[in-house]
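Here's the structure we're looking at; comments come further down.
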Amino acid sequence: MLPVSPEVKTNPVQKANFCSRLFVWWLNPLFKIGHKRKLEPDDMYSVLPEDRSQCLGEELQGYWDQEVKRAQKDAQEPSLMKAIIKCYWKSYLIWGMFTFLEEGTRVVQPIFLGKMISYIENYDPSDSAALYKAYGYAAGLSACVLVWAVLHHLYFYHIQRVGMRLRIAVCHMIYRKALYLSSSAMGKTTTGQIVNLLSNDVSRFDQVTMFLHYLWVGPLQAIAVTALLWMEIGISCLAGMVVLIILLLLQSCFRKLFSSLWSKTAVLTDNRIKTMSEAITGIRTIKMNAWEKSFIDLITRLRRKEISNILRSSYLRGMNLASFFAVSKIMIFVTFISNELLDNLITGSQVFMVVMLFEALRFSSTLYFPMAIEKVSEAIISIQRIKNFLSLDEMSQCYPQLPSDGEMIVDVQDLTGFWEKASETPTLRGLSFTVRPGELLAVAGPVGAGKSSLLCALLGELPLSQGKVSVHGRIAYVSQQPWVFSGTVRSNILFGKKYEKERYEEVIKACALEEDLQLLKEGDLTEIGDRGIPLSEGQKARVSLARAVYQDADIYLLDDPLSAVDAGVSRHLFQQCIHQVLKEKITILVTHQLQYLEDASQILILKDGKTVKRGTYAEFLKSRVDIFSLFEKGNMQSETSPVPGTATVISESLGQSLQSPRTSLKDAAPEDQDTENIQVTVPLEDQLKGKVDFKTYANYFTAGAHWPVIIFLILVNIAAQVAYALQDWWLADWAKIQSGLYFGTYLKEAEDVMFVLNWFLRVFSGLTVSTILFGIIRSLLMFYVLANSSQTLHNKMLESILRAPVLFFNRNPIGRILNRFSKDIVYMDDLLPQIFQDFIQMFLLVIGVVGVMVAVIPWIAILVIPLGIISFVLRWYFLRTSRDVKCLESTTRSPVFSHLASSLQGLGTIRAYKAEHKFQKLFNAHQDLHSEAWFLLLTTSRWLAVYLDVICAIFVTIVAFGALILADALNPAEVGLVLSLTPTLMGMFQWCVRQSAEVENVMISVERGIEYTDLEKEAPWELEHRLPPSWPDEGWIYFSNVNFRYILDGPLVLKNLDDTFINPREKHGIVGRTGAGKSSLIAALLRLSEPEGSILIDGLWTDNIGLHDLRKKMSIAPQEPVLFTGTMRDNLDLLNEHTDEELWNALEEVQLKDNIEHLPGKMNTELAESGLNLSVGQRQLLCLARTILRKNRILIIDKATSNVDPRTDELIQKKIREKFAHCTVLTITHRLSNVIDCQRVSVLDSGRWKETGQPNDLLQNRNSLFYKMVQQLGKEEVAVLTERAK
């Protein structure tokens, strides 16, 4: 879905008047819609101009650039904090003044209340002047409460917007940075880390801005309260303040612990998300090898470490919340005890005034102040992590792109370059050549010779240490591993250019895509998923090539696009596309298809990064150099000669892959006039229906603890609340005695009075201690249970995801799955326990307070009941809309991550085409869509809070005036108790209702998690009836009526494969044009989706075997090499089953031993993410070695050497034949030389068997497809193959 354009639905807040903004009336129409039906993305208002991702990001980027310059000048580290402060301090400070005013009204309230209670205490019906004064105080109290309500929400709304804007700006900067990272910087970060920065770290800004001001408002308010208390009760007030100071000191100690825990947790979360991201990306490989269990173990181990840190910080949080619950009671207790010890007499009105003043401190000093400390310490670490990322190296501007005289040329003189500064051997050494328009330079050489690195050097990706590179003209680049993004096939080819029908059709034809597009249901408007599903590798390669050709550039850099396709299509692409369409362009083609070298204008042969030979084909012939001997045929006896390859495998080829994200030469090329926006389609996921039901809550809690623990938790909660409420009650009785003593009704010396006072103090002490103890126990227990729930849910989600069929991963983009494992899990770890605990605490407090008030003055029930009903109705009305808004916020967040992950994979391509700012624009559009939802999330919760507070203000006003009117009928102590509780009730009541709504909203994350614990599963991994260990001992395979499709209602990919028998220990080749269904055959064999019909292996039907039992018994080397972060050794032997000797032997068999022995760490060399520091060919060889180690009876090689040079390939095939003489080997390939020695060959076309037979027999029959395929090759090659087939 394309982000909504700004004209669609203007934001009503722009036209709203003052009152409408103050009371959020402008949102009423949205609530009406939300009440009638479910909100859709189109119902959201467009983002405000000042909140747009682009302007916010550019503004902060400007301050950051200035800061970097300043730091360089002063030779210091740049500080992101300074840039943020410079950008936002003005607006933030102004709203800080509001906090000051708002908290000021909190301090004034107790004064008015004290005066009112004093009036009732000294009640004289005949004194009308005192009555009017009291009415004045009541009016003052009501005004204070109302002003507080309005100011508080105005402040929070604007402050949260500042946080939102800061977050958006930083996300914009992180994405921009990712687009410009240099190759060395790319090795220092991973997709997982960047996703974590974008999901986890930036969310700290939303939280820290809310509480930051309380760092100075809290202490100021405490000083003001101390002054007022001193005036009322003298020195004994200091005892209470000492308690507060001790508590705040304790909390600043907590802060240090918080910081260290949070920085450790962030690293662990990075690792978990990185591993998760690799598992999702490599899911096919994991399933083919039955590695799910080891990945579940690995991620669970990481999660266990992460949760143990989270638990510790949760306990600290629990202590904070417990102290918030009990601190005012402790302060009151200590103050009155010291008052008793000092023998001071105070009146009842003074007692309640003290209570009120301490209550005024409750939120700002004991909740917001510690929160501010915790959030600031987390934010500082996050800012540091983001700063480290923003300080990574960027690509430097390399060479101008367009010459002044308009002459196009690629000129390279004495080029030497290193991928890694530290490495001693350069990747490329002393290369020189010149290519002019109309020339084709073919670059050939063994695996790891530096061919892709040469293209990277021309793109400006490889840092040069000496020499000169001049590239004049616009570049189009086709990477070795084709990259496609989510969208239609057409949008992938157009890549932002205007659609011109004739040109487009010409390109489709040249790239041999006509037939393939006809096979797709919706032709070129077929949506491609995250990993290019449903296209085969060969089709993806041709879409990439078509994209380049359609761009109509001047210079074409083609990195081996012919290896992924069969011989016929390869011939077509070379003749029709490279030779015809690009004949007037400068073309540099890296290739292993040596039959095309004779058509090249010049040939460059590389080895170990140096030129072996350069010249035209004619010159090669004259000098009697047989090109094939440079690597291919080399006489078979010279087995001992070292395999061509490079010693510096790691450093050499960092740039081989398209995923090697490095930054581009800045836009020197003028923008084409005919560009449009690139159409990327990231479908929004389905929203969950309806409200969060009781079952979800029950599942959530029981995931963390058994019922007895939960019942104990409920009882502790009730006990804490009872102790808390009794304390208030007790205090009212004590105030009566204090007033009596003060006014002389009682004598302190009287024995019964002494007894009552002592008895009172003992009970009061008991209640205070119980409140503290129960408060701490319930907090810690609650956090423990909920952290356990989060842990259990994560593990269930993980298992469920890895048990899901491959189809699930084709349908769901990586970003969507990662969103559940990053943001939703973080909510469960971090936010939910806190909000839950807060809500339960508040809910019980409200019930306790209302209970006490009604018990003391029963007529208050007349007010409380309607108050409760109105609030409940408001909450119900609010939740219908707010839940939808929260769902929209979650679903609009996924595309941001998907877009990031996809951009990182295609970075080489994006930069070569100078499409960075187009992709930045798309990222901004995704961010703006998310901001629309986030803005509504902020404003809807403000809407509820404002109305609740206004209702509460009315309630306080009625109670205050009611107490004065009924003064003669009431006891002063009881009135004092009720009046002191009303403002407290007001703050708590709206907070409680809002937190209950917030709990429902955040529970959506739990619901989304639970949804992933119950996914459709594959067939069972193991069945009770286990296979005999020796199966399959012969390795024959029989296909009976096999049809296969990837999606239930999708097209058939394999059609009626019937009565086909693969003999025991046979070497069987499978060939066919790209997209014919060759790789799908493997998917059917391994049951990646369930085939229709039956496959028999060694007498057992595959559908009667557990999936793991089946997959473990076959070794498969896939076309797409998948490597994981870790050492070379971990990648070869994931389950630690082999000795070092076995590993070295396997590496020798795939011709990699020499390369790896020359590395500094040898087998313990760390691989970068997805193995980026190896060339694509080397990655394929490493995966092949991994396959060879699993000594199975059936070996399947699926184009596993397509990116390897012919000579290395030949040696490997020979080794495999020797080593696996007793096994069945299925070889799927486009290289016919690989199957010409097979005992039998099958040809697949459009998903059907077309012919099967011995290669020689098929070559004798001129009508056979196999004969036609061989004829597509060069003459020499045909002769060699025909000879070998005999």
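Backbone N, Cα and C atoms are what each Cβ position is placed from, and that goes for glycine too.
Small disclaimer: the values here were computed from a predicted structure and weren't measured.
Taken from TrEMBL, the feature domain 'ABC transmembrane type-1' applies to 98-358, 711-1001. According to TrEMBL, the feature domain 'ABC transporter' maps to 410-633, 1037-1271. As annotated by TrEMBL, transmembrane segment applies to 134-157, 219-250, 705-726, 759-787, 843-874, 944-966.
Where the transmembrane segment (759-787) meets the stretches 134-157, 705-726, 843-874, 944-966, the count of C-beta pairs under 8 angstroms peaks at 705-726. Here the listed stretches are 98-358, 711-1001, 1037-1271, and the one with the most C-beta pairs under 8 angstroms to the domain 'ABC transporter' (410-633) is 1037-1271. With respect to Cβ pairs under 8 Å, the transmembrane segment (944-966) is most closely packed against 134-157, considering the stretches 134-157, 219-250, 705-726, 843-874. Cβ atoms under 8 Å from those of the transmembrane segment (134-157) belong to residues 22, 95, 98-99, 101-102, 105-106, 108-109, 112-113, 115-116, 119, 210, 938-939, 942, 945-946, 949-950, 952-953, 956-957, 960-961, 964, 983, 986 of the same chain, restricted to positions at least 6 beyond its ends. Mean predicted confidence for the domain 'ABC transporter' (410-633): the pLDDT average there is 84.
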